[in-house]
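> My questions will all concern the structure given below.
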Amino acid sequence: MLERLSGQTRLTALLAAPARHSLSPKMHNAAYAKLGLDYAYLAFEVDNSGLAAAVQGMRALGICGANVSMPNKQAIVPLLDELSPAAALAGAVNTVVNTDGKGHLVGHITDGTGAIRSLAEEGVAIKDQIITIAGAGGAGTAIAVQLGLDGAKEIRLFNRKTATFKQAKQVLKGINAKTSALASLQDLADDRAFRRSIAESSIYIDATGVGMKPLEEHSLITDPALIRPDLVVFDLVYHPAETKLLAFAREHGAKKVMNGLGMLLYQGAEAFKLMTGEDMPVAYIRELLCRDKE
C-alpha cells in the first residue's frame, strides 16, 4: 500500500467503536488498488464523545468521505449539513460524503440499498410484496425505509419492546407518510402475530443478529410449518455463512436462503461509489473476502 501513497492521496475513513474488527478497510483499500485509485482508507476508533471533533476534522482536513458505524449512526445526524431522502427517513447515517471538498457534509444510508441489491442479485423482487423483518435496529429500519422507497406493498417490522421499539415507531411514521408502503411495528414477543405475518409474507428478513456468536445455536424460527416453498429467507448474519435459521430453512424447502455477505458487499459498494464516483469491483472483493475466510 505504501507505494500507492502520494501527496495527492485522498483519505477515506471509518468512524466507529469498536473499529478494529471491521472489514471495510480491507474492502475499500483492495478496491482502490485494483482500480489504481489514489485513495487510502483508515479505521478510526471514535465513539459519541469524540464524534463532533472527528466531523470537524473531516471538514478541516478535506477527508472526502467516511463510513459510520455503531455507536455513531444516529448521533452524527445533527452534525451534518444535508441528508439523503433515505437517511432523513431512517434518522441514521452510515456514509458521509464531503461533496465539495470544502466541508459540506452529506449523510447517506446504504444498508437498505445493499440489502435490496443483494436480493435482486438472487432474482428476488420486492415491489408489491409483503415483507416481514425481525429486528428494528439500525439495519432493520434502514432496510424498511428502502423497501418503502422501492415499492414494497407492506413492511411488517417486529422487535422487543425496548428503546429501539420507540425509535422504530418514528421511522415507520415517516415511511407511511412519504411512501406508498404500509409499514407496521409489532412486539416480537407476540408469537401469534409473528407467525401470521411470516405466513402472509413472500420474504422474511432476520436483522436481529441471532445466529452469530454467542447465539449461533439459536433461531427465531423453529417450526417447519413456517417454511414454505415460496418463502425467501434472508439472514443478515454472514459469519457463520449458514446460520441455524438458514440451515433450517434450507432443510425444510424454502424457495431461497441468503446470508448477509451480499448486503455487506453492496452497501460497501454504494458507499464506495458515493465517495469516489467509481464502481467497486464487487466480484473481486467478494472473492477476496471468501478466500480470506477459508
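Each Cβ is built from the backbone N, Cα and C atoms, and glycine gets one as well.
So Swiss-Prot says this about it:
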BINDING   S22, L23, S24, S69, N94, D111, Y238  shikimate binding site
ACT_SITE  K73  active site, proton acceptor
BINDING   G135, A136, G137, G138, A139, L236, G260  NADP(+) binding site
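Help me picture these features in the structure, burial and contacts included.
Around N94 (shikimate binding site), a 10 Å sphere centred on its CB holds 29 further CB atoms from the protein chains shown.
DSSP assigns K73 (active site, proton acceptor) to coil in the three-state reduction, placing it in neither a helix nor a strand.
If you take the C-beta of A139 (NADP(+) binding site) and look for same-chain residues 6 or more apart in sequence within under 8 angstroms, you find D111, A115, A207, L236.
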> May I ask which residues of the same chain, at least 6 positions away in sequence, place their Cβ under 8 angstroms from the Cβ of S24 (shikimate binding site)?
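In sequence order, the residues whose Cβ lies under 8 Å from that of S24 (shikimate binding site) (at least 6 apart) are L14, Y41, A43, N67, G268.
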> Roughly how wide, in whole Å, is the group G135, A136, G137, G138, A139, L236, G260 that binds NADP(+), by largest Cα to Cα distance?
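Output for NADP(+) binders G135, A136, G137, G138, A139, L236, G260: max Cα distance 16 Å.
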> Where G138 (NADP(+) binding site) and Y238 (shikimate binding site) are concerned, what is their Cα separation in Å, rounded?
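One finds 17 Å between the Cα atoms of these residues.
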